[in-house]
Protein chains: 2
Amino acid sequence: MKIHNFSAGPSILPESTIKNSADAVLNFAGTGLSLLEVSHRGKEFVAVMDEALALFKELLDIPAGYEVVFVGGGASTQFCMVPYNLMQKKAAYLNTGTWANKALKEAKGFGEVVEVASSKDSVYNHIPKGYEIPSDADYFHITTNNTIYGTEIKTDLDVNVPLVADMSSDIFSRPVDVSKYTLIYGGAQKNLAPAGVTFAIVKTDALGKVDRHIPTMLDYRTHIDAGSMFNTPPVFPIYSALQTLKWLKEMGGVSAMEKINIEKAAVLYDEIDRNRLFKAPVVNVEDRSLMNICFIMNDEYKELEKEFFDFASSRGMSGIKGHRSVGGFRASTYNAMPKSSIQALVDCMKEFEAKH
Amino acid sequence: MKIHNFSAGPSILPESTIKNSADAVLNFAGTGLSLLEVSHRGKEFVAVMDEALALFKELLDIPAGYEVVFVGGGASTQFCMVPYNLMQKKAAYLNTGTWANKALKEAKGFGEVVEVASSKDSVYNHIPKGYEIPSDADYFHITTNNTIYGTEIKTDLDVNVPLVADMSSDIFSRPVDVSKYTLIYGGAQKNLAPAGVTFAIVKTDALGKVDRHIPTMLDYRTHIDAGSMFNTPPVFPIYSALQTLKWLKEMGGVSAMEKINIEKAAVLYDEIDRNRLFKAPVVNVEDRSLMNICFIMNDEYKELEKEFFDFASSRGMSGIKGHRSVGGFRASTYNAMPKSSIQALVDCMKEFEAKH
Ligand SMILES: Cc1ncc(COP(=O)(O)O)c(C=O)c1O
Ligand SMILES: Cc1ncc(COP(=O)(O)O)c(C=O)c1O
Ligand SMILES: [Mg+2]
Ligand SMILES: [Mg+2]
Ligand SMILES: [Mg+2]
Ligand SMILES: [Mg+2]
């Protein structure tokens, strides 16, 4: 049976990423050695790193004055690296979900944190608007895509202070005007790579402005200066990331991807809206995520939740359980998810409706 | 041509680690999905994590009161995590090499650092002895195996303060009396796994004694409490680590490994000593590393260095160039290195001697 992988992360990757990664584990770049056992300073891996960084920049059209780094530790480590490097006294955060809230809390260890707005009281079912950002904040932090709640900030905001974004779960899903951001970071394990590598896009002139001592490995400067090779980088996840970047380029890049993602999401949201059994907890259409599509049973059909889960699972739908903090269902539809898998899920929903 | 992989790290891994890792990239635990695209919270990967942690403890015979964690960021991130978690005011460091020195320097950001002894002036060609450790030091930090210079502390020291060890390049090469240490850590990319996962063995009652605020991801407690699943762990490197641990168990564990490592190293050191062309920079036999065996041309044959490198390379010897900071040659002979590869290198040395 074909398994349709709707996992929220780690999550579906292009078939070429998987195949090329497996091949390299057995024989890397014709060396006769495994990718797992070669020096990261050997010319073959240095070429991988160089190409991955270059393609990352090219595909997001990253302007001069920015550098890209690959590090370990996950997006969760960025929650402290951001204030470590950028907060002198005060930072502003938009609280749009579990991850946004964790980032906000972590920053409190470094100075004053202003929560400019929060959708927590309504279980994060929308993106707050109309807030004010203190003009003396060192930066304003947003989480563009809220993986758990299925909301997304799909445009690049214009704000009055440096903008920092966690794009863990929507990087490379659409074109981004990087010039509007001071820092963009994310765990790569959704749209780019297997778990184990984290990316950061850093406006270099924003660094070096805080007084505190920064441990070497937490200083973006360390990784920028060393081309992400200050210490042993996560070799295998970076190799896989390069395979995804190559696939993305072949697919037409982020503009083409955005078009497909809009189409894919529409198919599923339309069915959720139409189908009498289901509804979307995110009501504002403009806030609905194109990457993580949440849906729940309508109140009259609450008791069918487990039955639908079992039915869909029996048809090969995998990873569709909603996050434990919200329940219901979540279909993650990252770049590598084919339309046919979304159609398969929609077919399940229709068939299940016909039965009830 | 058979390639003999003497790389210092990332480095040779057991064939079964490589084969099983490649297989899991294509189909993980019969899920029909790739190991690269499944949730780390799925039951299949949770089982991998549990087994890896249990086997890690079993093979090193880790006593009660200690926990093992897998994190990202490399051993270099541990250089700051150690003082973050353990240094209240003052720490003592033994300076035995480039990595020991980096660890020492990093600690200076957190309090007073006492260098109890250093072999830096003699290009780190021995392990200093007869030093005194201030009795008010919060811990004493050693680097048991100095990957670059080929020296090793092969016994578990008895010291008057909590002992912390970087065992990046000799973990699992011999039995360790863990009860003598408060913390043992290392990058896993030598004797255990591909790059991207770092281990720490932590005596839990040593934690919680410092006043400073510790960022969540830098606090060992975070990872202990969450069973190394606080955030997305480096899934693939951990899977590979498990394969190596299984292999190690089949081989008879660390005692069997130590015996083989002693035999393997003797074959190469004996040839270095005997051969008129070569010598070992590490003169004290008890300081000679069993994992990284350094050798240089004797003074009269200095100009033959490049010729020997080319000759050995043409015979399939890979990764034998000494670190750029010391020159000469370095053969890393980690657990997975078969005796036959060491014999192949020795044969090269003999043949080269016969020609000159
Ligand atoms: C938006 C967002 N931020 C941060 C994280 C945490 O990432 P990591 O597990 O790499 O620390 C996640 C993980 O799912 C996420 O979705
Ligand atoms: C003894 C020792 N410590 C620390 C390191 C640094 O490890 P990482 O690259 O994982 O930061 C190395 C790397 O070779 C090492 O050999
Ligand atoms: Mg969220
Ligand atoms: Mg509906
Ligand atoms: Mg060293
Ligand atoms: Mg000799």
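The backbone N, Cα and C atoms fix where each Cβ goes, glycine too.
Caution: TrEMBL annotation is automatic and unverified by curators.
The domain 'Aminotransferase class V' feature in TrEMBL is assigned to A:3-345. Under the heading L-glutamate binding site, TrEMBL lists A:Arg41. TrEMBL lists A:Ala75, A:Ser76, A:Trp99, A:Thr147, A:Asp166, A:Gln189, A:Asn231, A:Thr232 with the feature pyridoxal 5'-phosphate binding site. Per TrEMBL, the feature N6-(pyridoxal phosphate)lysine maps to A:Lys190.
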For A:Thr147 (pyridoxal 5'-phosphate binding site), nearby residues of its own chain (Cβ under 8 Å, 6 or more apart in sequence)
A:Ala8, A:Gly9, A:Gly97, A:Trp99, A:Ser168, A:Ser169, A:Lys190, A:Met291, A:Asn292, A:His323, A:Ser332
Just to confirm: which same-chain residues, 6+ apart in sequence, have a Cβ under 8 Å from the Cβ of A:Ser76 (pyridoxal 5'-phosphate binding site)?
A:Lys102, A:Gly187
Chain B proximity: which recorded positions among A:Arg41, A:Trp99, A:Thr147, A:Asp166, A:Lys190 have CB distances under 8 Å? Answer 'none' if there are none.
none
Cβ neighbour count within 10 Å of A:Thr232 (pyridoxal 5'-phosphate binding site)
24
One residue among the binding-site residues A:Arg41, A:Asp166, A:Gln189, A:Asn231 has the fewest other C-beta atoms within 10 A of its C-beta, namely A:Arg41
Relative to the Cβ of A:Ala75 (pyridoxal 5'-phosphate binding site), which residues of the same chain, six or more apart in sequence, are found under 8 Å away?
A:Trp99, A:Asp166, A:Ser168, A:Tyr185, A:Gly186, A:Gly187, A:Thr198
Among A:Arg41, A:Ser76, A:Lys190, A:Asn231, A:Thr232, which recorded positions lie by ligand 2, judged by Cβ under 6 Å to any atom?
A:Asn231, A:Thr232
Taking the Cβ of A:Trp99 (pyridoxal 5'-phosphate binding site) as centre, how many other Cβ atoms lie within 10 Å?
22
Cα separation, A:Arg41 (L-glutamate binding site) to A:Thr232 (pyridoxal 5'-phosphate binding site) (Å, whole number)
9
